[in-house]
Structures are given as C-alpha cells and as structure tokens.
Amino acid sequence: MVSSIKEVDESHNDDLNIINHTKTQHASSNVTIENAESIRSCITIATTKNEGSHIDNNEKNGVNEQDNDKKKLITKKRIGVMLTFFSLQLSLFLAALDNTIVATSLPKIGSDFESMAISSWVVNSYVLTFDVFQPLFSKFSDIFGRKYTLMSGIVIFLIGSVLCGASQTMIMLIVCRAIQGIGAASIFSMVFVIISDLVPLEKRGSYQGIINAVFALASVFGPLIGGSLTDNATWRWNFYINLPIGAVSLVILFFFLHLPTPKQNLKEKLKRIDYAGNFLVLSAATLFLLAMNFGGQTFPWKSAAVIAPFVLTGVLIALLVVVEMKFAKEPLMPPRLFKNRSVVAILCANLFFGIAFFAIVYYLPIYFQVVRGDSATWSGIRLIPMQMLITVFATMSGLIISKFGIYRRIITTGLGLLTLCIGLMSLFDVDTPFSKIYGFTVIGGAGIGMTFSSTIIAIQAAAEPRDIEIKKRIAVVTGLNNFSRILGGALGVAIASAILNSTLKKELPNIIPIEYAEIIFQSPEFIRNGLPQEYFEVTVKVYVDSLRFVWHILTIMAGIAFLASVVIKHHSLKQGGPSSEKKEEQGNDEKVQIGRSSSSTLDEGSILHIAEGTTSVENKDQVVVQVESDQRSSFDIKNARNQK
C-alpha cells in the first residue's frame, strides 16, 4: 500500500531520470498514481518485470534518504489515523454514556428535587432530541460537511453538560438534557457516517463492530459509572465528567480529521434543506413521545391530553408522506427506500430492538436497587457480565461480517437470544439466586452485541446502489437506522415507566397507607429508608409483580423484532462497495485496479487519507514509484516530468 508520495523536485521537471536498483533475478513493480480531485482518486498499480541497471553510490544514498523520509511520513500519518479513530470512539462513548448514565441516579435526583413523578423526563428529553435530530444532522452533513457537523455537535453536547450539572430544578435539568441530546445526535450520526464514507461495505463490518461495541459498552456501563459517582460524589458529576473527555476529542478531530467540504456557497446549501420534512419529523416524533409519557402517569389514557397528541401525530405523518413524495427536492426520508422490503424490515426490527434493549438497561437496575436492596454502584456492577458479552459479541460479529459477508443470520440469532433472555427475566423474584440472574442476562448480552453490529450493515446493503452513493444517500440510510433504534429506546423507557407506575398506583394504595404510597411514587428510596417494617415485604412484592409485567411486555416487543428480522433478504456486501475493485494474483506479479466506485468508498488501506492535510493530489504531475520485491521490501522513487 502506498499512502504517501514524496513531492517531485522542481529541478528535475525537465528530465526523466530513471533509477533502477541492480539485483540479480529480482522482480519489481511500477506503481502509477494519476492526479485526483478528491479522496476517491483512481489509483492504478501495474506490475512489470524489470532488469537491473547500474546506479552510483550518490544516487543510492539519495534514494535511501527518500525512503527514510517517506517511512517517517507514513508513521506520522498512521499515528494521526489512530488518534482520529480513537477520538471518534471517544465522542461516541460520551453520547452513548449519557443515554444511560442517569439510570441508577434517577432515584437520588428525584429525591433531591422532590419530583420523582416526572424524573423519567430526565431520560426522555435526552432520548427525544437525540432521536429526532439524527436524520437532520445526517442530511446537514451532506450539505455542510461531516467534520464541522460533528464538531458543532460536540460543542453543543458540552454546553448542555455544563448546564445539566448546574441545574437547580428538575425542569431546568430536563431542558438542559434536551440540549445535550441535540449535540449527541450529531455525534452519533456522524461517527457512523464517517466510517461508512471511508471503508467499503464488504470491509465495513469490522470497523462498525468496534464502534457498535463502544456504543453498547457505554450504554451498559452508564449505570455503573453513574451509580459510582452518585454514591461517592454527587449525581452532578454524571455531566461534568464529559467536559475534559469531550475537549480532548474535539482538539484531536480539529487537527487530524480532514474531509472534503461541499463546494457551494451558503445560499445554495440552505436551499437544499428539506425544511418542511424536518419540521414534520420533529413535530410528529415529539407529540408521539409526549403522548406515550403522559398516558397512565400524568394523565389518564382516555384523556384529551393523551388522545390529542396521538391524533396530531397521525396527521403530521400523513403530511410528511405527501411532502416527501411530491414537493421535497432532496427528501429527508426518500420515499423509495420504504418500497424496499428489507429496509422496512430492518427499521422495524431496529425499532422493537431499541424498545427492549433500553428498557432493560433502565429497569434492571431498579430491580436490583428496590427489590434486592443494592446501592446505585452495585446495581451497575451486576450488569458487568452482560456488558462483557455485549462487547465481545459485537466485535466478533463485525469481524464475521467482514470475513464471510453474512449478516441476516447474525441479526436473527441475536434477536432470538434477546427474546429468550427477557422471557427468563420474568422469573426474577425477591430471592432469585444471583448466579441465575447472571446466567440469564449474559444470554441477552450475546444477543444485543450481535444485533448492534449487524443492522447498520444490513440496511446499507439492502438499499439500492443509487441510495447509498456517498454524500447523497449513505448518510440518509445510516440516520434512519439510528433514528429507528433510538426512537425505540425512547418508547421502551416510556412504555416501561407507564406500566410500572400505573401498576404501582393501582396496587399500593390497597395494601399500605395512602401517605406512604404517595411518598414511594416520588422517591422509591423510601421503601428501604423510611417505610415501616410491617409494610416492607408486601410493597417489595408489588414492585416485583409490576416489573414482571414490564418483562412480559418487553418479551413481546423483542419477539416482534425477531419476526421482522426473518423477513430481511440477504444482499451481497460487494453491491454497496467499490464496484470496480479487482484483484488478480499471478505468482509474484499483482495487478490491482481501484477505480471510482459506485459508492465512492475507499479501500481499507486508503483510510490513511483521513489524516492528510488535503484529500487530493495537488500537482498535475504523473509520479512513478518503483517498488522492488526482495527478501526485504525496498522502495525506489522515479522522478517524473509534466505529462502534457
């Protein structure tokens, strides 16, 4: 792989000096690199046999110096690549961490502000904006460029983190969490889009596997970190911890991430935004989630405050369909994608997977704290076995996808394991052995890890080739994939909260004094820190039964995701990758042609361009690099003059 070429000395532009290294019976290769306008340059490597010729010692020393300089440059760029990929993972870790870091802190936050009844909105406000802004930022990146969309998201996220940590009321915290979610939406969508930009579809699985493992790990480690900070410092550090980590990521990306920006003036860029589509998506998603959170908690399900948002959601969705089909020049959600059976099946599976996964992450710690009496820290520690399995299986699944090109079976198997896990969780009781709990949850961890790594590859492969052109459709399908999963997460938390609270409000007043029941609704910590002993066992039993009902509903949701995954058709991963990539091996000779691909992605080696200061060859010279095959690999560089 040739990742950098020393600039041709101007003093040799008029003469072509061919430098050949003499070695008996050794093969060599000529690597020709044509001028390119972008990172998707056409690179042709043609192999030939070369007979040795004599060069003097001065020329040989010059070549060695060039070799050393080139190797240093390659090393420098590789360090830049590693730092960039690390910062992308770090940014994603923060966005995913804040999805769940307050899970074990909610009882304490609710007690501090004496507002436990609305504490679920600390989660829901973040998830709401995190979800609905995903398609928007994906589209904005097509218009304004990936790098600045990502960096602006990190800045918004850090501002929101400061405000969350400084919040003085529950309402202020909820609003600031919504600001955090907007920034997290940009981070989350851009990390996946940038990886998709740089790596061909058939090789993308291993990269996406690592990224998805980071997301899953952060999502499940969130409760542990949040619980530890809450027990040993204050819940406010759940948000302040983002500042130094986010700042490091921001600096690395600023200096090392170099991606092209669309060549349009601001007026032309603004014309490309689907304003009506953006407004309708934001409004419909917001109203739907409001209705789900109001129902059975703030207002009865039959009240106008719940029914009206549901009705308006339906009206807005109908308008969205009309706008996207008839009026939008660059639709936020291209209608033809939804004519693809596999795309619809993947989005459906992802939606119900999100419902099940996020509800587990939030409500399993509640079981540990309220029913088993664990601290916030210990409720997070008990999730570690599941965390480890998520990480291992997400990474392994990505590698399997890259090597064998299969993904449908992985998705189906993963969702089947998740359904089994949640079904077994309904057996949890007051005294269930922890060995059994760990055994059940690791089954779910394996299923979650397998599903995380596979769905994004599946939807990119399922979309028609014209729908995954780089900078035109890859961001759209990636954004829709993330949108469906996070929307499911918001619904999962809302559904579980509605079931739990409705059951508690129905049952508790019948077995304990109403004044105690009201306190428990506001602060579950009261069960172990203030409730008279004679009411303790019956209250915990009601909590167990309420959570069991939650597990039953989540089992159905995971089952629907499993059934949807069965409908997914398998597509060749080469369909979305570089269509002109060909490799032929002939003994020691090798010819590799990497042309402009239909999806405009890069091969795995070309990811080094991410660390370059430019994304195109700046001069118009043809540069010939002579590569000699030996027991040691040495590089000789031909100087070339302008080709007219």
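Even glycines carry a Cβ here, placed using N, Cα and C.
Annotations in TrEMBL come from automatic prediction, not curation.
TrEMBL lists 79-97 (among others) with the feature transmembrane segment. Residues 130, 150, 154, 157, 183-184, 187-188, 191, 194-195, 210-211, 214-219, 221-222, 225, 242, 245-246, 248-249, 252-253, 256-257, 607-608, 610-611 of the same chain, all 6+ positions outside the transmembrane segment (79-97), place their C-beta atoms under 8 angstroms from a C-beta of that stretch.
Looking just at the domain 'Major facilitator superfamily (MFS) profile' (84-573), the mean pLDDT is 85. Annotation comment: TrEMBL describes 84-573 as domain 'Major facilitator superfamily (MFS) profile'.
TrEMBL lists 117-137 (among others) with the feature transmembrane segment.
According to TrEMBL, the feature transmembrane segment maps to 181-199 (among others).
Summarising the annotation, TrEMBL assigns transmembrane segment to 211-229 (among others).
Marked as transmembrane segment by TrEMBL: 241-261 (among others).
Among the features that TrEMBL reports, transmembrane segment is placed at 304-323 (among others). Cβ atoms under 8 Å from those of the transmembrane segment (304-323) belong to residues 274, 276-277, 280-281, 283-284, 287-288, 290-291, 294-295, 298, 333, 335 of the same chain, restricted to positions at least 6 beyond its ends.
Annotation source TrEMBL lists transmembrane segment at 343-364 (among others). Here the transmembrane segment (343-364) has Cβ contacts under 8 Å with residues 99-100, 103, 123, 127, 219-220, 222-223, 337, 379, 383, 411, 415, 418, 422, 425, 441, 444, 448, 451, 455, 458-459, 462-463, 477, 480-481, 484-493, 495-496, 500, 547, 550, 554, 557-558, 560-562, 564-565, 567-568 of the same chain, all six or more residues outside its ends.
Panel annotation: around the transmembrane segment (384-401), residues 205-210, 212-213, 216-217, 220-221, 224, 407, 410, 414, 438, 441-442, 444-450, 452-454, 457, 573 of the same chain, lying at least six beyond its termini, place a Cβ under 8 Å from a Cβ of the stretch. Annotation comment: TrEMBL describes 384-401 (among others) as transmembrane segment.
Using a Cβ-Cβ cut-off under 8 Å and counting only residues 6 or more beyond its ends in the same chain, the transmembrane segment (410-428) has close neighbours at 349, 353, 356-357, 360, 364, 367, 371, 393, 397, 400-401, 436-437, 440-441, 443-444, 446-451, 453-455, 458, 544, 547-548, 551-552, 554-555, 558-559, 561-562, 565-566, 568. What TrEMBL records for 410-428 (among others) is transmembrane segment.
Panel annotation: around the transmembrane segment (440-462), residues 192, 196, 201, 204-205, 208-209, 212-213, 215-216, 220, 340, 342-343, 346-347, 349-350, 353, 357, 360, 364, 383, 385-398, 401, 407-408, 410-411, 413-422, 424-425, 427, 468, 474, 477-478, 480-482, 485, 568-569, 571-573, 575-576 of the same chain, lying at least six beyond its termini, place a Cβ under 8 Å from a Cβ of the stretch. According to TrEMBL, the transmembrane segment annotation covers 440-462 (among others).
Residues or ranges marked as transmembrane segment by TrEMBL: 483-500 (among others).
According to TrEMBL, the feature transmembrane segment maps to 549-568 (among others).
Per TrEMBL, region 'Disordered' is recorded for 574-604.
Marked as compositional bias 'Basic and acidic residues' by TrEMBL: 580-593.
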Same-chain residues at least 6 beyond the ends of the transmembrane segment (549-568) whose Cβ lies under 8 Å from its Cβ atoms: 341-342, 345-346, 348-353, 355-356, 359-360, 363, 408, 411-412, 415-416, 418-419, 422-423, 425-426, 428, 458, 462, 492, 495-496, 499-500, 503
Same-chain residues at least 6 beyond the ends of the transmembrane segment (483-500) whose Cβ lies under 8 Å from its Cβ atoms: 99, 120, 123-124, 127-128, 130-132, 134-135, 188, 285, 289, 292-293, 295-297, 347-348, 350-359, 362-363, 366, 455, 546-547, 549-550, 553-554, 557
